[in-house]
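Engineer: Pulled these features from TrEMBL for this protein:
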TRANSMEM  48-75  transmembrane segment
TRANSMEM  87-106  transmembrane segment
TRANSMEM  145-164  transmembrane segment
TRANSMEM  206-236  transmembrane segment
TRANSMEM  328-353  transmembrane segment
TRANSMEM  359-379  transmembrane segment
Amino acid sequence: TNKLYIFQNVPYSSYELEDHNFLDVNIKVLNILGLWNYHWKNKQSWRYIAYFSYSSIASIFLVLHTFCMIMGLILNPEFSDFAEVAWVANNFFATTVKYIFIFVQMDQVQENIMKLRGGVLTKGLRWCQEQDNILRKINKQVKTLSIIYFSIGASAVVMMHAAVGSSYYKLYMELSGAQNYTGQDEKLALIGKVWLPVDLQDPKTYLFIFVFQTIIYTIGPGANIATDALIAGLLIHMCGEFHVLKYALRNLKRRALQLLQQDRIVKHGNPDLKLLQLKMENYSDGSNIKYVMHTEADLDAKIYEAFVEGIKHHQEILKFVIQMEEQFSAMMFVQFLSISLRLCLTIFSITVAEDEVKFMVYLQMLIISFMQGLLYCWFGSELTYQSEDISRVMYETPWLQGSRKFRSSVVIVTMRAQKLVQLTGGKIYTMSLDTFSAMVYGSFSFFKVLQEFSTSD
């Protein structure tokens, strides 16, 4: 016969899911840069067409500027600052690739992200305030990281413009006619060194190219940082979803009681309940239930139902990560190659720097490259750890007292959780701290080869 269980003072609340503006800072920046179209579902509207045109022009600008920088390295190589120019060209190449990848897949990327903001990951798989609090805390971490990252990028853009401030003054004096700088030893300088088939010392030509580079050196660093912050933010949110899932698995009985209360189960045919009443106090205002009476079979059925909810949540997380892999894998392959090359160039430049100013510039470039690679690999490793931790949390479920069907499902989920969840770069690089260590080690090894080659010459 079924046993009768009585739980006293079981908390209950008619919890209503909250809407969250996850990744709101990231999305606003992406929108400014042409990588988030708020009208993406209505492709016939003039707003969609106008925004698409804006994004296309930004892509063309980035491609042209990257091409001119690479041609400048090929046609006018100057060893004194070759590494610095190559570092910037490399960075712009990676930025252009990332921009185009997200631009081409904009609809798919937005559809995937909306699962966090209002889709299945937001609405269908949470049932208590504690789970919302976990995700709110995670989003606060993402927002803080993004604001810090964007602030660094904005300061870098301001410093680049300030570096050629004298050229702005000379250009103003030329165009106003107050002073003629043509033919002087000091020449008008651009923000970045590029090859151009025009005379840059002509004030009107310089003004046109200067405006072009001003746009590029705003979009370029912004797009680079925005894509980095977006992917890092998605990784952090996926770790947060695993935290929510683990909370649900640890509290299967609580969820089962909540489901029982929602259903108001009274089985009149059960002899154990013939003369019993299901007494509920203050149910209407959603406070609590003084006594909850149900059979062991009822509880087992609801525990299994709660566990199935967890399985669905796990499947949605895995599906989200798989879609991220499909959308960003090729892009991340280029990014990891770019970071490796920049680390190598910067380390070599530091060793040959002849003055402290150059040394500090190269050191700053090294820190930027180092942190950019660490950003991906750190949170990639955290995602893998959180996914593996699901198999350990399975032992915290009531599997010993559960039904045979429940125990079988626990075994299956445990086996699936032991399969690593990872993001890769082109199926070659894995976003992990081990990969980052190998990348840094490889850069130092390549630097040693360059150093020996330079010494032998």
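Cβ from N, Cα, C; glycine included.
What you see is a predicted model, and the numbers here were worked out from it, not measured in a lab.
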Engineer: Can at least 3 Cβ pairs under 8 A be found between the transmembrane segment (359-379) and the transmembrane segment (206-236), with each pair 6 or more apart in sequence?
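Structural biologist: Answer yes: the transmembrane segment (359-379) meets the transmembrane segment (206-236) with 3 or more Cβ pairs below 8 Å.
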Engineer: Taking residues 6+ outside the transmembrane segment (328-353), which of them lie with a CB under 8 Å of any CB in it?
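Structural biologist: 83-84, 86-87, 90-91, 93-94, 97-98, 101-102, 231, 359, 362-363, 365-366, 369-370, 372-373, 376, 423-429, 431, 435, 439-440, 442-444, 446-447, 450-451, 454.
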Engineer: Please give the sequence-distant neighbours of the transmembrane segment (87-106): residues at least 6 beyond its ends with Cβ less than 8 Å from one of its Cβ atoms.
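Structural biologist: Same-chain contacts beyond the ends: 33-37, 40, 55-56, 58-59, 62-63, 65-66, 69-70, 72-73, 192, 220-221, 223-224, 227, 327-328, 330-331, 334-335, 338-339, 341-342, 345-346, 349, 365, 369.
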Engineer: By a Cβ-Cβ criterion of under 8 Å, what residues six or more beyond either terminus of the transmembrane segment (145-164) are in contact with it?
Structural biologist: 25-26, 29, 189-192, 214, 217-218, 221-222, 224-226, 228-229, 232-233, 236
